[in-house]
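Written out below as structure tokens is the structure these notes cover.
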Amino acid sequence: MIRTEEMILNVGPQHPSTHGVFRLVVKIDGEVITEAKPVIGYLHRGTEKLAEDLQYTQIIPYTDRMDYLSSMTNNYVICHAVETMMGIEVPERADFLRVIAMELNRVASHLVAWGTYILDLGATSPFIYAFRDREMIINMLNELSGARLTFNYMRVGGVKWDAPEGWIEKVRDFVPYMREQLQGYHNLVSGNEIFLDRVKGIGTYTREDAINYSLSGPNLRCTGVKWDLRKNEPYSIYNRFDFDVPVAESGDAFARYHLRLSEIEESLKILEQAVEQFPAEGQILAKVPKIIKAPKGEAYVRIESPRGEIGCYIASDGKKEPYRLKFRRPSFYNLQILPKLLKGENIANMIAILGAIDIVLGEVDG
Amino acid sequence: MIEELLQSSPGWANFGIFFLLGAVLLLIVLGFVTYGILAERKVMGYMQLRHGPNQVGGKWGLLQTVADVLKLLLKEDIIPKAADRPLFIIAPVIAFAPSFMVLATMPFTDKFQFADIGVGLLYYIAVSGLTTFGMLLGGWASNNKYALLGGMRAAAQMISYEIPLVMSVLGVILLTGSLNLNEIVAKQEHGWFILLQPIGFIVFFIASIAELNRTPFDLPESENELVAGYHVEYSGFRWAFFMLAEYVYLFAMSALITVVFLGGWLPPLAILGFIPGAVWFALKFSVVVFVYIWLRSTFPRFRADRLMEFGWKVLLPVALANIFLTALIKSLFF
């Protein structure tokens, strides 16, 4: 008499493919998952609570450590929120520097997503090619801000440092180089039969699901919703640039994979135009008081990070520290659909689905 | 010489000689494994914009593997408390021993062969199947869920791929009329079987990758899903035994492909016959090993269920069609 039994498998928190300290308790029948329960919080540092005792400029380095693959957008969202409350006009040159830095960071972030996703699926080489190109971006941002990952570059009212001499030219040269590499990525991976077999039709959800689960970024656009805050609610100077919002209809892992690569292309378009229109002269920091005090009241701003919609809510009682700070962290929201997607899939697909959501645990846990 | 020894009456003298010869072969194989691993790391390094090992043993990292093995020898030998102790201990041996046994029938040159038995090819395939027991036992005895899944995958994969592997060489056997590896090489004097049996070769090569558990078929130990698969609980030299088995199989399988499809020690053209057979064998062998490494650094991994489908629904019918085609051609034209 054959007897089968369900088995509880503990994936993580130290597992090569959970992209950090993420734990997933899955109930498996053979290799088929019957139930999956994500356990998060291993990287929780209480950023929001800590921020209540910090001055606004002091909060910026904490945001670096949330989505550590895309610190520039995090820097921007807190600065943007404070600027909105105080009504500060950011100088044009600072805006350009911010946009260039954010878009470079977006490309770098998508490169990591691409490389690690392919690595999750078992191919080792593309990961290293992605990191070679990311390294160039990191070096450029390092020249700009003095840090490779946690940039702490933006300030309320502008940016901390001006671009060093020859930096803009470097960004200009990088754009065609990256375009060429991107073609290489497509040639290497996008058409590979084994790869397509593993990602096509995997982890599919509908447009309604995506909206109900409050997904954003490529996770939302893969279902055909054309929603990108850079276009729909332009902030900074994004309305000056001509770029598309790539969307896909199929809602599967392949669509998300492909969208990220297409978004790199669009970011390159923005970079190209931003470098061209870059003002030769100008202030990089607006006139702001020495001690920044947001006026009494509250504000919520949202921008498009590589992972989706990142929002910042500030409630202030007029002091130099916020009364309450809240981040809408896209990875956290995007992760919520995981248990639904994993039901009935096998273990190999589990990795493909989790990787395609592209989470950063620093952001999930806050 | 070996023929004479085989004919002589058994005694300590010829036992000693056979033992010594076995030890020599083991040393050759270990030498290959040492530098095969180094070659793999170097080739993959250059393909991946890295340098590979370059510290221990000069610029080329020539002693890197030696250092690694020494380190493994010195490591603490950990056996999990809940493991099935006897099985846990014997599993790596079961996995390794057959990998070395299959080399006995391998004709490296026309003279350098240990056992010229009539059913060499069958012997190879039959014995190499035993390794899977080692993996399955190791996975089971570890009392670890990941290891169990890895072991199960190894068994499923072996069953699905052993069959197309055997079926694909049947074409060669039909053409030679023999399972003896020496005769298979001798038949290739006027044309390698890779040219006469292209379909058979492709099926055999794909199935051989699955047999070797290498990318894109490295499911039993897929590190991104099952952490390390069946050997997740092994450390130190027991783990090294599993790895050793894997690399000895790489050696054996490359040698088998060289013998069965690439004409063994025979030169590609008769006028190149002045170069010794061992050189030709080594060259062809190296090309096969290189292709395995190349594939490893290129492809993503198959999915477990698709792997079965591919084995049963694609490779097996193709291999069967190849047998039919070969038989038809043979009966019509030869």
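Cβ atoms here come from the backbone N, Cα and C positions, even for glycine.
These features come from TrEMBL:
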- B:12-38: transmembrane segment (TRANSMEM)
- B:87-109: transmembrane segment (TRANSMEM)
- B:121-140: transmembrane segment (TRANSMEM)
- B:161-179: transmembrane segment (TRANSMEM)
- B:191-210: transmembrane segment (TRANSMEM)
- B:247-265: transmembrane segment (TRANSMEM)
- B:271-294: transmembrane segment (TRANSMEM)
- B:314-333: transmembrane segment (TRANSMEM)
Exercise. Can you find at least 3 Cβ pairs under 8 Å between the transmembrane segment (B:121-140) and the transmembrane segment (B:314-333), where each pair is 6 or more residues apart in sequence?
Worked result: no
Answer key: the stretch among B:87-109, B:161-179, B:247-265, B:271-294 with most Cβ pairs under 8 A to the transmembrane segment (B:314-333) is B:161-179
| field | Annotated stretches the transmembrane segment (B:271-294) and the transmembrane segment (B:87-109) touching (3 or more Cβ pairs under 8 Å) | value | yes
